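Structure, as C-alpha cells:
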Ligand SMILES: Nc1ncnc2c1ncn2[C@@H]1O[C@H](COP(=O)(O)OP(=O)(O)O)[C@@H](O)[C@H]1O
Ligand SMILES: [Mg+2]
C-alpha cells in the first residue's frame, strides 16, 4: 500500500516535471523567422529578432549549459569567471561559519536563559527587538565596523541564524517536564550532570528544530548578502550573470540554490530525527 | 510511642492566594512513622497529600515546621528517600536498563559500567522485567513502566520509599499484581513506605497505618487508623477477615461525610496528638466517638464499634 502510494506519487511527480518542461520548451521555442529585415540589422539584433526566438532560454539550453558547468565545476578564470562549484563552496563556507558561530553562542546562552527565569525576563525585551530586524539591515553597520565584505556576510549569517536557535533553546530548556527534573533532583544529580543528562536530551528535539529553521533562513539570506557584498559566492554569481544578461546561468544558479538548500534542510532533519524520542 | 524514624513536625504550606492573602493548604501538621512501617494517606483531591509527600521527598520546602528523618532535619532531596512518581516519570530517551542505571550511577558515582549494569539488572529482574531491558518506555505498557519506576526507586536501596498514587493510572488487574510486588518487596527489604492512594482497598491491603486527611484548604490530619489485619494478610482472603468491613466502612464514612464536617464537629482536635483509631479492639476507652452506628453493630455481632484513643 505505502510502496504503491510512493510509486504513484513518484509517477505523478515525473509527469508534472515533464509537463512543466514541455510547456517551458513550447513557450520559448523559435517561431517563424521575421523576414523583412536587413541582414546587417538582423546580425546586430541576434537570434531574438531574426528567428522570433525568446530571450528566455528553453529547457534544452539550460540543460546543455548545466552539463557544461557540471563538467568543469571548479575552474577559476579570475574574479568574474569561476566554476559553479567554487561559487557554491564560498557560499556554503560562509553559511557554515556564521551558522556554527551562532550555534556556539545560541545554545549555551539559550540554556542559561532557559534555566534562569531572571535572565529570561531581563533579556526578553532585547530579543524581542533584535529578532524582527532583517539581517541585511545589519550589513552597512557590519561593513563599516568589520571593513571586510566576506566577514560581513558571515556576520549577517550569524545574526540571522541565532534567533530561531536561541528562542527554541530557551523554550526547550524552560519547558522540560518537571517530573524529569524531579527525578534528577531525588537522585541528587548535580546541576552540570543534570543539564547534560536530563535537560539537554529533553530539549534536544526543540533545539534541533530551531537549528533547522536557522539553516533555512541562513541559506535564504546568503544569496541576498552576496548580491550586496559581491566578489564570490552563488549570490554574486546570480547578480553577475544578470549583468551579463545570461538568463541561462541565472536559472541554473536558481536550481542549484534550491538543491543545496534542500540538502542542508535534509541533513538537519536527519539530526532532528536522531534526537527525537517517542513518548 | 515507638521510635520515630520519620517525624513531620508542625509543617505548613501556604501559597500566595487572591490579592495579598495567603492560601493555607494545611498547617500545624504532625505525623510520625516507625522504621519498617507501611503508611498510606487517604484524603480527597486537593487536600495537600502530594504536597506532604513532596516535602518529605525534599522536592518542596514547607512554609513552616520541619521534617526529621533518622534524627536529622532534612534539607532538600536525598538518595535515602526514593520517590515513585504517579506518572512513572521515566526518561523516554533511555531504555529500561538506562533508566535504572541512571539511578544506580547517580548513587555510586565511582562504579564502572559493568558494575552499574549488573546492579541495575538485579532490580529489573526483581520487578519481573527480565528480557525488556533494552526497550524504551514508549514500548512498554503502563504497568511495565510503573515496574521500571519501582525498580529505579529500589535500585538505590533507599531507607524509605515515597509513592504518590503509583497505581492509580493502571487497570485493576495490573494494579493488583503490582500491589503484591510492592508489598512483598517492602516486607522483604524492611522498607519504610509512605504511599498516597485514593483506593481504600489498596490502603487496607498494604498499610500498617492509614492517615486520614480532611478536605482542604486548611486540611488537617484527622485520625491515624491502625490496620487490624495481620501482617501476613493475603489479597484473596482479605475480605474474609472479621474486621475488614469495619475498617473499610470506617474509612469510607470518613471520606464520604466526616472529611467535610470534621473541623466543625471536632473543635478540640489537637494536631500534635492525632487520635489513633483501633478498629474493633474492645476494652479501649471511647474518647470522642459519639456517632451512633446501630447498623454496624447488627451486621457485626460480637464486635465492638471502632473506638478511638489518643
Ligand atoms: N504551586 C502552587 N501554587 C498554588 N497552589 C498550589 C500549588 N501547588 C498546589 N497548590 C494547591 O495546594 C493544594 C494541595 O495540592 P496537592 O498537594 O497536589 O493535593 P492532593 O495531592 O491532595 O490532591 C491544592 O488545593 C492546590 O490547588
Ligand atoms: Mg496529588
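Placed from the backbone N, Cα and C atoms, the Cβ positions cover glycine too.
TrEMBL does not curate its annotations; it predicts them automatically.
For reference, TrEMBL has these:
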{"type": "DOMAIN", "residues": "A:88-268", "note": "domain 'ABC transmembrane type-1'"}
{"type": "TRANSMEM", "residues": "A:7-27", "note": "transmembrane segment"}
{"type": "TRANSMEM", "residues": "A:98-119", "note": "transmembrane segment"}
{"type": "TRANSMEM", "residues": "A:152-176", "note": "transmembrane segment"}
{"type": "TRANSMEM", "residues": "A:217-239", "note": "transmembrane segment"}
{"type": "TRANSMEM", "residues": "A:245-264", "note": "transmembrane segment"}
Stretch among A:7-27, A:98-119, A:152-176, A:217-239 sharing the most Cβ pairs under 8 Å with the transmembrane segment (A:245-264): A:217-239
Cβ contacts under 8 Å made by the transmembrane segment (A:7-27) with residues that lie 6+ beyond its boundaries: 54, 56, 58-60
Close approaches to the transmembrane segment (A:98-119) from elsewhere in its chain (Cβ under 8 angstroms; 6 or more beyond its ends): 153-159, 161-162, 165-174, 195, 199, 203, 207, 210-211, 214-215, 218
